[in-house]
Number of protein chains: 2
Amino acid sequence: ISMTCRLPNLTVRAAAGLLNPLSIPNKLLTGPGPSNQHPEVSAALSAPLLGHLHPEFTKIMDDVKDGIRYFFQTNNDWSFAISGTGHCAMEAACMNLLEPGETVLVCRNGIWGDRFAELSRRLSLKPVLLSQPPGSVFTPEQLESALQQHRPSVVFVVHGESSTGTLQPLEHLGGVCRKHGALLLVDSVAAAGGAPLLTDDWLIDCVYTGSQKCLGCTPGLGLISFSEAARRKILSRKVPPPSFYLDASQLANYWGCRTTEPPDQPVSARRYHHTAPISLVYAAREALRLVAVEGLPAAWERHERAADKLRAGLQGRLGQRLFVSKPQDRAPTVTTIAVPEGVDWKAVVQHAMAKHSVEIAGGLGPTAGQVWRIGLMGLNATEAVAERVLAALEDSLKAVGVATPNL
Amino acid sequence: ISMTCRLPNLTVRAAAGLLNPLSIPNKLLTGPGPSNQHPEVSAALSAPLLGHLHPEFTKIMDDVKDGIRYFFQTNNDWSFAISGTGHCAMEAACMNLLEPGETVLVCRNGIWGDRFAELSRRLSLKPVLLSQPPGSVFTPEQLESALQQHRPSVVFVVHGESSTGTLQPLEHLGGVCRKHGALLLVDSVAAAGGAPLLTDDWLIDCVYTGSQKCLGCTPGLGLISFSEAARRKILSRKVPPPSFYLDASQLANYWGCRTTEPPDQPVSARRYHHTAPISLVYAAREALRLVAVEGLPAAWERHERAADKLRAGLQGRLGQRLFVSKPQDRAPTVTTIAVPEGVDWKAVVQHAMAKHSVEIAGGLGPTAGQVWRIGLMGLNATEAVAERVLAALEDSLKAVGVATPNL
């Protein structure tokens, strides 16, 4: 072959470490995510690849859309996956729902409100913060008064605040937003699938989550859904969103959703938009199937039961204080424990991992250094896993010299 | 459990189609991507999950960085993966290297130049187009004259134009850009790993690719590398890029790269930025390992040999005309065939898939309806696969009534 003569010389050699085959230990992932994955979801990841416009693949995309509608309890036409993580879905929601100069009311009681405000500033929006101390939630009255004062286009609120361990009651927020002409945007990354979420009944205009928490799927996909009002706002934008990759109207077309008015027009043919992450879509399809087979009420109850077991053990046998003081504000998905005065939180985390292969996470953002975080989500939301985490934490507390009650 | 009483009623039932287990047919993916995946890469996708800051995972990230440096032949510190597809990496390159109001010279000889110009407009940049007809490439002289005229901050050029089948010679473009104070940005989505690419020697300031082409990995990850000059430009931006998810300086920190000056300062500790797509990073690590084990020169030769076999068969036995007229401009990765007058290109594509499970793609953008596209990339870059595609295409041409020479 003539090419042999003109092949250039390499100047960069491969590093020795890269040449070893991959080797991954087994761990119990009971931090705030990712969670462990169901074996059927792992198996789906290894299925043969298909092209991103092959009919067998677009059928799987249709299943994913159906699965998302069930997962979020919505009939929204625009329900699809984002080819990025839950954080990427947050950016997609922000940049599609809002245009430069618009006001967004950001309910901030943990890191995710701060993050959303930062995204908003990067996108030249006008974020207005409505703050509550970490560990507490918002009332409809607080929201209404802020809506009257600031007249935002969109309200951002976090369902499960993974940095603090709260679960925001959402039932009555949508009505308040609608009354004041604002769309309600909900971050349910650390709650959907593990706590009740009724998108349509609760008048939520946009909700998103990540694949790696209560869905029990590998990280890398965001699931998102837009109401008709959100869809209309997006389709009547003055300028397109800054990203083509995350442009919801382009994605909606690729996902076989309706992108034209009136509603009775036929759906346009799918156009190539980007190469979907084929294997992740397979995995999400299987994870959504497993949720549908179990049924959401059973999954919600399972998460609640596991969390109850964990909280009881933490407060009883282990003598620890939960960071979220009001029981009704505690998320069933992520539980936060106040680190006792003088205790080296990191040593506890390291001991639990080194001796038990159990993940207990430290705090994040406003709770950094102040809490431990335990996530019982997806596959891990069982009383047996709660017990395993309690045993690991008990041993780790003892190892660093914390006295735990002997009951 | 008390919760049972307060569980809300579901209003959305799961669709029947979702409840069937996943079933995926085997296909030969010889379109312009995704390509078929090596079994060791598929197996890596199913490995147990780790946390995104676990030391075993950050070690894998280090391997991926090393693998990217080898793959692109660069010693760039900022060499890492983007948690999105190759298209997402294109957006990341664009929004990090450029600030609103800056001029970017877009070399456009296919769909990707058009796409980059669209991204630039969405980001309030000033794209200037330097156009060549689809199927041809750019000379250093053409580039230099445009640089003198427009004085851009960045020049965008496509290495392997998957919509037309050209391979852009890059050896002499970097020097011309440097002479005129512009950074050279290269899209090598459809070339890297399948055609020689020497990022450092050729003075390329930013290069990216996708995981699903010559790397032979599932889609969903972008690989990117920034030169020191690119890094300095990014670290001295006046405003942050509009995306936090794709902010290169944030990503560099998470990937354990240096984000401060001077160069001899210690690297800052990795901060949580987003939850990396763990399984995709495993897969990319294994795919990069397989490239390193084979060696780039061997991989480049293998792609060239497979393409030679394909081109010879297409022009000889099948009597077809290649779309790229000059042999030296033809990419070894994606081969384009001019659809003969009056032939139903789609019927050929459908026959090849239905009867042979072989993917032959139609055109895209400026070549839509005018060409067939065949990709022999990664695992599929062999003479045996070339022969299988030739046989499928020959049979499909006959099926739609095209006479092929009998040699």
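Glycine residues also receive a Cβ, built from the backbone N, Cα and C atoms like all the rest.
Record features, source TrEMBL:
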{"type": "BINDING", "residues": "A:R373", "note": "substrate binding site"}
{"type": "DOMAIN", "residues": "A:51-363", "note": "domain 'Aminotransferase class V'"}
{"type": "MOD_RES", "residues": "A:K213", "note": "N6-(pyridoxal phosphate)lysine"}
**Prompt:** Who sits close to A:R373 (substrate binding site): which same-chain residues at least 6 apart have their Cβ under 8 Å from its Cβ?
**Reply:** A:G31, A:P32, A:S162, A:S163, A:G165, A:V334, A:T335, A:T336, A:I337, A:I360, A:A361, A:G362, A:G363, A:L364, A:T367
**Request:** Quick one: average pLDDT across the domain 'Aminotransferase class V' (A:51-363), no decimals.
**Result:** 97
**Fill in**
Same-chain residues at least 6 apart in sequence with Cβ under 8 Å of the Cβ of the residue listed as 'N6-(pyridoxal phosphate)lysine', in sequence order, are A:P32, A:G33, A:P34, A:S35, A:G86, A:V189, A:A190, A:A192, A:G193, A:G194, A:T333, A:G375, A:M377, A:G378
**Request:** Indicate whether the residue listed as 'substrate binding site' is helix, strand or coil by DSSP.
**Result:** strand
